[in-house]
Amino acid sequence: MAGLSAWFWNERFWLPHNVTWADLENPAPGVEYPKAGHLFTALPLALGIFVVRILFERFIAGPCARSLHIHQGAGRRAQPNAVLEKVFTSITKNPDSRHLDGLSKQLDWEVRKVQRWFRHRRNQDKPSTHTKFCESMWRFTFYLCIFTYGFQFLWQSPWMWDTRHCWYGYPYQAMTPGLYHYYVTELAFYWSLMFSQFTDIKRKDGCFWTNWPFLKDFLIMFIHHLATVSLISFSYVNNMARVGSLVLCVHDASDFLLEAAKMTNYAKYQRLCDFLFIVFSVAFFITRLVIYPIWVLNSTMFESWAIVGPYPSWWLFNVLLLVLQVLHIIWSYLIARIAIKAILRGKVGNDVRSDIESSSEDESASPTQGFKTSPHPCKGENGTNGHCASAKARAQNHNSW
């Protein structure tokens, strides 16, 4: 075990040349360097955030939803049928024509009646608009608060105005209380998302850049949150927290706008939803395609090279940030497609990568016919319009670095 620990914490990987862990163990009085043990504070804090979320959704978001006439309505339930229920739970939730014909003959039902039963049964498991509104309001509140705190903190930090300060004196840079609180709170939030994975509403978001049927939303989002936790922890351990705080702030800048658009969409404020979605798109493009590469990547790749020099964990960190930039480009392209449709049409029908957050009636088409875009934009009982639903599917995963 000791050998494995020594291999993992190899100084030649984590630290610049001629720097050892011993050099960081005894800082000057009043100075604290980042240590891996500090990150354990995020675990109880994550549990606290999870509890606060439950209370927030129940006592604040819930009444707000009801004041906007978003109620916890019970949708139409499928009539009890043991044969169809067994097929639904153990074989398929969306039977093809062969299964439909077989079940029709077995039950002596019309095919359309079997289709209708499966549609009602799928809708029965969908979360209500009330539930989705409460979840979005929680995320909106947290993202807005953490962005406000982070921006206020960075405004007073020298590395916001001159990113070379991220590397002056590295790795002998003190961990200030403000930076520590910012980092640990962000880390705790993503830990709390991993906890809530087991209780959150299950959407059919899938992965917007692929239609692989075997990839489930639960696994995708779990990996996403795990990757975010790993990146935050990695940058903290090797004391790249200064530049890491810039990355966090850039990504937080547009997240709350997406959640605001989703809330107005659930509340059926269509024009406001359209406006917020366009604002979110612009903010996303500016922060991810302009500020991030010019401000962050330039510092991590070129300024750090000139001031500190490369070493193994430096290479890994920059590779991860470059991969993140590739994802930014992909997400921006997909969001731009939806934004253009929103501008040209005013409202867009669901496309093949929509998260299917629209009304129960959106599934009225035969499962063997696939998705079809209606020439007339519609709005179902859940009030989820196409471009906002699609935007959610594209941007749900971008909250990571």
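Using the three backbone atoms N, Cα and C, a Cβ is placed for every residue, glycine included.
As a summary of secondary structure, the DNA-binding region (86-129) carries 31 helix, 0 strand, 13 coil according to DSSP. If you look up TrEMBL, you'll see 86-129 marked as DNA-binding region.
Note on the domain 'Homeobox' (84-128): mean pLDDT across this stretch is 88. Per TrEMBL, the feature domain 'Homeobox' maps to 84-128.
Taken from TrEMBL, the feature domain 'TLC' applies to 131-344.
Annotation source TrEMBL lists region 'Disordered' at 356-401.
Among residues of the same chain six or more beyond the transmembrane segment (36-56), those with a C-beta under 8 A of the stretch's C-beta atoms are 137-138, 141-142, 175, 180, 184-185, 187-189, 191-192, 195-196, 233, 236-237. Feature annotation from TrEMBL assigns transmembrane segment to 36-56 (among others).
Beyond the ends of the transmembrane segment (140-159), by six or more residues, the same chain brings 49, 56, 165-166, 178-179, 182, 185-186, 189, 242-243, 245-246, 248-249, 252-253, 255-256, 259-260, 263 to within a C-beta distance below 8 angstroms of the stretch. The feature transmembrane segment is assigned by TrEMBL to 140-159 (among others).
Here TrEMBL flags 218-237 (among others) as transmembrane segment.
Residues or ranges marked as transmembrane segment in TrEMBL: 273-295 (among others).
Residues or ranges marked as transmembrane segment in TrEMBL: 315-336 (among others).
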